[in-house]
Amino acid sequence: MEPNGTVHSCCLDSMALKVTISVVLTTLILITIAGNVVVCLAVSLNRRLRSLTNCFIVSLAATDLLLGLLVLPFSAIYQLSFTWSFGHVFCNIYTSLDVMLCTASILNLFMISLDRYCAVTDPLRYPVLVTPVRVAISLVFIWVISITLSFLSIHLGWNSRNGTRGGNDTFKCKVQVNEVYGLVDGLVTFYLPLLIMCVTYYRIFKIAREQAKRINHISSWKAATIREHKATVTLAAVMGAFIICWFPYFTAFVYRGLRGDDAINEAVEGIVLWLGYANSALNPILYAALNRDFRTAYQQLFHCKFASHNSHKTSLRLNNSLLPRSQSREGRWQEEKPLKLQVWSGTELTHPQGNPIR
């Protein structure tokens, strides 16, 4: 009886673990899809968000949405069964989509950091530096790199050790990695963007602190300290999430290229892979919900008040415009909120004339 009881207990533990993993992966997929759908809807329904700055956020949301729809369901099935049941041809398509969309997601994050670096370090020349043509070129660059490292490399066998497409085991489906592909993909997709993002966000943080000190004479010391704290927390969340989610995966990826595809345990490989996928679920929160305009759009979206809000805002502007300048200045400051270059970090920029931009 004892051996049978032990086997039964192991089966129950295995089933409980599989159910737990299924719930976690399903929740992650639903959050990824729902969060990025909300970002796309917010931009499509709110004209205020249709700006060049938000082009990269929309591109990021669309990329992560495609990842949640086209890749994550098959990854979850494979993770739970440890068996690929969809054939060799679809395996190549699946792995190519996986690499392409993950690469595009990371490169979009990289472009967002460069965009905000230009906005903070040189706000007066920002409209000259960031033009529709340059944004379009940047988006084309993202997808050219992503397609080259995914569909082109995998279907031509550049990533495999023997130069063939796909592996020999028809019941397994994962990206093969040789030395050159592992190093090139790791550097282009993660390590170089990570280095540049660290530099840009450090510069943004320094400027945010300087601005907080500069407006210290206008507002209380406590308010300036709170603004600086918010900027620190936001930047730490953005970089922390990116590093925690992707660093383990690309470390394992490069290690596989150097040591062989079977150098890492499948369970560990699955954990670091889904940790990277989790970044696509966090992006709508980190890059949209922390932005004041996006938060307002989310509230409007969930309460279905786009029309009433816009009409109310228009009436306020018309009423303020009819008042004398001396009488309407304070009301316009609170209600109208003129066109601004908002930095998502939560720290206020300073207008050339000395007025803070909220």
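Backbone N, Cα and C define each Cβ position, glycine as well.
Feature list (source: Swiss-Prot):
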CARBOHYD  Asn4  N-linked glycosylation site
LIPID     Cys304  S-palmitoyl cysteine
SITE      Asp98  site 'Essential for histamine binding'
SITE      Asp185  site 'Essential for tiotidine binding and implicated in histamine binding'
TOPO_DOM  1-22  topological domain 'Extracellular'
TOPO_DOM  45-57  topological domain 'Cytoplasmic'
TOPO_DOM  82-92  topological domain 'Extracellular'
TOPO_DOM  115-134  topological domain 'Cytoplasmic'
TOPO_DOM  160-179  topological domain 'Extracellular'
TOPO_DOM  204-233  topological domain 'Cytoplasmic'
TOPO_DOM  258-266  topological domain 'Extracellular'
TOPO_DOM  289-358  topological domain 'Cytoplasmic'
TRANSMEM  23-44  transmembrane segment
TRANSMEM  58-81  transmembrane segment
TRANSMEM  93-114  transmembrane segment
TRANSMEM  135-159  transmembrane segment
TRANSMEM  180-203  transmembrane segment
TRANSMEM  234-257  transmembrane segment
TRANSMEM  267-288  transmembrane segment
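Looking at Asp98 (site 'Essential for histamine binding') and Asp185 (site 'Essential for tiotidine binding and implicated in histamine binding'), their Cα atoms lie 13 Å from each other. Sequence-distant neighbours of Asp185 (site 'Essential for tiotidine binding and implicated in histamine binding'): residues of the same chain at least 6 apart with a C-beta under 8 Å from its C-beta are Val99, Thr103, Leu149, Ser153, Asn159, Val177, Phe253. Between the transmembrane segment (93-114) and the transmembrane segment (23-44), fewer than three CB pairs separated by 6 or more residues in sequence fall under 8 Å, so the two stretches do not touch.
Outside the transmembrane segment (180-203), and at least 6 residues removed from its termini, the chain residues within Cβ reach (under 8 Å) are 99, 102-103, 106-107, 109-110, 113-114, 116-117, 120-121, 145, 149, 153, 158-159, 235, 238-239, 242-243, 246-247, 250, 253-254, 256-258.
Beyond the ends of the transmembrane segment (23-44), by six or more residues, the same chain brings 50, 54, 57-58, 61-62, 64-65, 67-69, 72-73, 76, 79-80, 274, 277-278, 280-281, 283-285, 288, 294, 297-298, 301 to within a C-beta distance below 8 angstroms of the stretch.
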